[in-house]
Amino acid sequence: MGLNEQQNVPSQRKIIVFIVLAFIPIALFRLCFNNPFSSIKDTSLQDSAANVVITSFSSSSQEEESQESFDHIQDEPLCDYTQGNWVRDEIGPLYNGSTCGTIKDGQNCFRHGRPDSGYLYWKWKPNECDIPRFDSNRFLDLMRDKHLAFIGDSMARNQLESLLCLLSTVSSPDLVYRNGEDNKFRRWRFESHNVTVSVYWSPFLVAGLEKSGNLDHNVLHIDRVDERWGNDLERFDTVVVSVGHWFLHPAVYYESGSVLGCHSCETSNCTEVGFYDVFRKAIRTTLRAVAGSGREVILTTFSPSHFEGRPWDSLGACNMTKPYEGKVLEGLDLDMRKIEIEEYTAAAAEVRLEVLDVTAMSVLRPDGHPGPYMYADPFKNGVPERIPNDCLHWCLPGPVDTWNEIMIEMLRRWKV
């Protein structure tokens with residue numbers, strides 16, 4: 001190689017470097033604004049979202065879902081939360097008998113001296129998903145500027161008071177209305193979010209008279225709803241319905257103004273018809289009444305008691321301290337739930353309706369009732385031979401808090 005050729009090599013190298021450097025900005029520009037991988041990435045994400053099967057509940061503390069995912073969530077079935085087990089939860093409840101001021105006296109097991117606390121440290125674990133802890137801020141956001149009404153018997157009140165305790169951890173409710181014996185009609189306001197929460201005592205949902213000193217049986221008109229809540233129906237955005245146990249009492253039934261029959265009517269001159277069909281018709285009448293106007297309806301299924309065949313005043317009734325591990329639904333509990341599920345299925349096409357199916361999970365919690373601690377310090381004067389027990393309602397805090405953890409998921413899906 002001659003001297004001139006050797007001198008030309010650096011020049012050629014400079015030209016090549018210059019050309020390469022000139023093309024780098026152009027390549028970068030094309031990658032940024034015409035990236036051939038961008039469409040592949042977007043398509044992959046969209047396909048993934050389209051094929052997602054919802055297997056877990058979500059909460060505001062989890063990663064925010066995209067709008068595309070939200071749109072699809074509406075069409076996907078929820079994980080079956082009705083099948084599962086109670087597992088230990090070391091975190092415990094969000095409130096206690098001292099921090100919540102709206103607990104009915106008979107359900108404040110802590111203040112009434114219940115000595116064990118293990119019943120507080122369980123959570124419901126569905127077989128195929130997880131239920132997030134109750135998010136009070138999320139609930140209030142979902143119900144902003146809305147009116148939520150609980151309608152039914154003392155189990156509806158039990159669930160309501162659980163909800164108030166959960167919400168009061170972030171915002172104090174103001175009692176703005178109360179009426180009736182034992183404050184059976186009450187209304188609260190959460191000014192922070194303009195949320196109204198009400199409870200209406202209506203143990204049959206339909207019109208009727210409750211037994212009293214002058215009446216030894218209930219009277220039900222099963223073809224029209226109870227006006228005590230029916231007259232306020234247009235004020236409600238969301239309704240939670242919960243009844244059942246009052247239908248077991250003696251009653252005379254009317255339909256279209258005529259006597260239909262009765263249940264346990266030893267002194268009445270009418271036909272014994274039982275209560276199952278009447279319970280069904282009462283649920284049906286109610287769901288027809290609340291249909292329309294975009295109103296959201298949640299039907300809470302039958303909540304089992306745990307007297308286990310023992311008298312209500314027997315010593316040791318519902319004195320369990322742990323959940324059952326394998327008890328199955330049967331008898332009354334199974335039949336009442338079956339009726340509610342069937343009526344829910346029939347009405348779902350006409351009503352914006354969800355069923356809060358708590359029967360199976362609740363039958364596993366004999367430890368969650370007040371028992372003798374429905375009254376304060378029941379053994380302060382020793383152990384009596386007979387003592388009143390509440391094996392129906394739930395201690396607060398207690399298993400009923402789980403019902404509201406599931407309910408918030410229903411509200412979230414409605415708001416998507």
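Heads up, the Cβ atoms here are built off N, Cα and C, so glycines get one too.
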Swiss-Prot annotation, disulfide partner among C262, C265, C391 for C318: C391
Swiss-Prot annotation, disulfide partner of C100 among C32, C165, C262, C265: C165
Motif 'DXXH motif' according to Swiss-Prot, located in which of 262-265, 298-301, 390-393, 410-413: 390-393
C129 - recorded disulfide partner, Swiss-Prot, among C32, C79: C79
Among C270, C395, cysteine joined to C109 by disulfide in Swiss-Prot: C395
Secondary structure of D390 (active site, proton donor) (DSSP, helix/strand/coil): strand
Among C79, C109, C391, which are disulfide-bonded residues, the residue with the most C-beta atoms within 10 angstroms of its C-beta: C109
Closest of N96, C129, N269 to D390 (active site, proton donor), Cα positions, recorded positions only: N96
Rounded distance in angstrom between the Cα atoms of C395 (disulfide bond) and N96 (N-linked glycosylation site): 10
DSSP three-state assignment for N319 (N-linked glycosylation site): coil
